[in-house]
Amino acid sequence: MLPPLLLETPPVTGTLALIAGMLCVAGTIYGLIKRLETRLVLFLAGLVMCTLAFNPMGALDAFAGRMVTAGLIQAICSVMGFAFVMQYTKCDQQLVNLFTGMMGKLGIFIIPASTLITFAINIPLTSAAGCAAAVGAVLVPLMMSRGVHPATAAAAVALGTYGSAMSPGNSHNPFVANLANMELMEVIAIHAPYTAISGVIGAVVITIVALVTKTHTGYVYEGAAEAGEGKQKVNLLMAIAPVFPIVLLIGSNSGWFGDIKIGVAQAMLVGAVYAVAITRSNPAEVTKKFFDGMGKAYGDVIGIIIAAAVFVAGMKSLGVIDAAITSLIANPEIAAFGGTFGPMLLAIITGSGDAAAFAFNEAVTPFAPQMGMEIANLGSAVQLSGAMGRTMSPLSGALIVLAGLAKVDTMEVAKKTALPMLATVVFLLVFFI
């Protein structure tokens, strides 16, 4: 009799395999809801499913294969390195000061203006929580000093924290570009108009919510004097540093530089050199920060992508993916609905849209043409809906930061962001996919 590891047929097959796979998926969702380590949950679930299918090497091969996806590593790691340089040189704060210095006395329009300013700043400063902290520290007290109620002020800023979807530095954009076999900037160009419109929709709806609930005025802020005196002088050369690489990428894609083509990593390096030159920072320290950022990106972001690949390999081994794809091809409208509301709901529950978006895009999005959709469109809609779900989750890092700045409960902020984000997800479902 052969030992267990040499059996010729998997111990779990057919309907039993599907049931086992669904139980593992349910356990994965439970682990994410309980906020266990995301990478551990995804990896273990994938490994268990591969083992049940008598294919443990499938999990390990998926892990090893995704570790060296060149396009993803270059884009994601270089962008995070650049972000660390912006924080170290304080160029990111100068960009915030540049935008917030233009607020003035806008009355009710300070609410949508805050959303749109945050949205714009989040494009170069791609961390949702980091952008919320940098922008919220200025705009939340400013709005409160103008009579806007705290939860509404925090929500207005929170609604701009998915502007990073339009950034080359957003980890999902190179991921989708890799799936679609397209250039990174081509993928962004496809969804950018819809992403921008969704930002405007969020700004308009939060303003309407504020008017209906009468939270746009009447609040007496104890620190009003300090908030009104917070205007700072802006160093314009430093303020443009965070957007410098984006300008280079747009210019390269538009043919401004002739035959010279600039990739994401190259643009980020040029941007870092520019920051060193204008701030006269210590090059050795800047170099350390850049590589620290690259390492953190690989561990935090690429790590989730790798773990998601293992999870998907497990589902494939048990036939869950094949069953799902067959169902979606027969009912393409379900794919569009699932690609928007699925990641959104999981993001609301877990506080992060990354795990759901990466897993869905890894497993389902490559089959988009068979469902009558484009890979770039479905993949972009998935990442956008995940970000929108995160924006209305009380477990989101960005909402926790903003609630702390406004001194309100996170759930109060989440209630304010819910309707605007639902409106934007419906917009994507109807007009984009």
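Placed from the backbone N, Cα and C atoms, the Cβ positions cover glycine too.
Annotated features in TrEMBL:
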- 12-33: transmembrane segment (TRANSMEM)
- 40-57: transmembrane segment (TRANSMEM)
- 63-86: transmembrane segment (TRANSMEM)
- 98-121: transmembrane segment (TRANSMEM)
- 151-168: transmembrane segment (TRANSMEM)
- 188-213: transmembrane segment (TRANSMEM)
- 234-254: transmembrane segment (TRANSMEM)
- 260-277: transmembrane segment (TRANSMEM)
- 297-315: transmembrane segment (TRANSMEM)
- 413-432: transmembrane segment (TRANSMEM)
Among the ranges 98-121, 151-168, 234-254, 297-315, 413-432, the one whose Cβ pairs under 8 Å to the transmembrane segment (40-57) are most numerous: 297-315
Region pair the transmembrane segment (260-277) / the transmembrane segment (63-86), three or more CB pairs under 8 Å: yes
Interface check, the transmembrane segment (413-432) with the transmembrane segment (151-168), three or more C-beta pairs under 8 A: yes
Contact between the transmembrane segment (63-86) and the transmembrane segment (297-315) (at least 3 Cβ pairs under 8 Å, separation 6+): yes
Cβ-Cβ under 8 Å with the transmembrane segment (234-254): same-chain residues at least 6 beyond its ends: 82, 86, 89-92, 94-95, 97-98, 101, 123-125, 167-168, 183-186, 260-262, 264, 267-268, 270-271, 274-275, 278-279
Residues of the parent chain within Cβ reach of the transmembrane segment (297-315), under 8 Å, 6 or more residues beyond its termini: 21, 24-25, 28, 38-43, 45-50, 53, 58-59, 61-63, 65-67, 69, 72-73, 76-77, 79-81, 171, 175, 321, 354-355, 358-359, 362-363
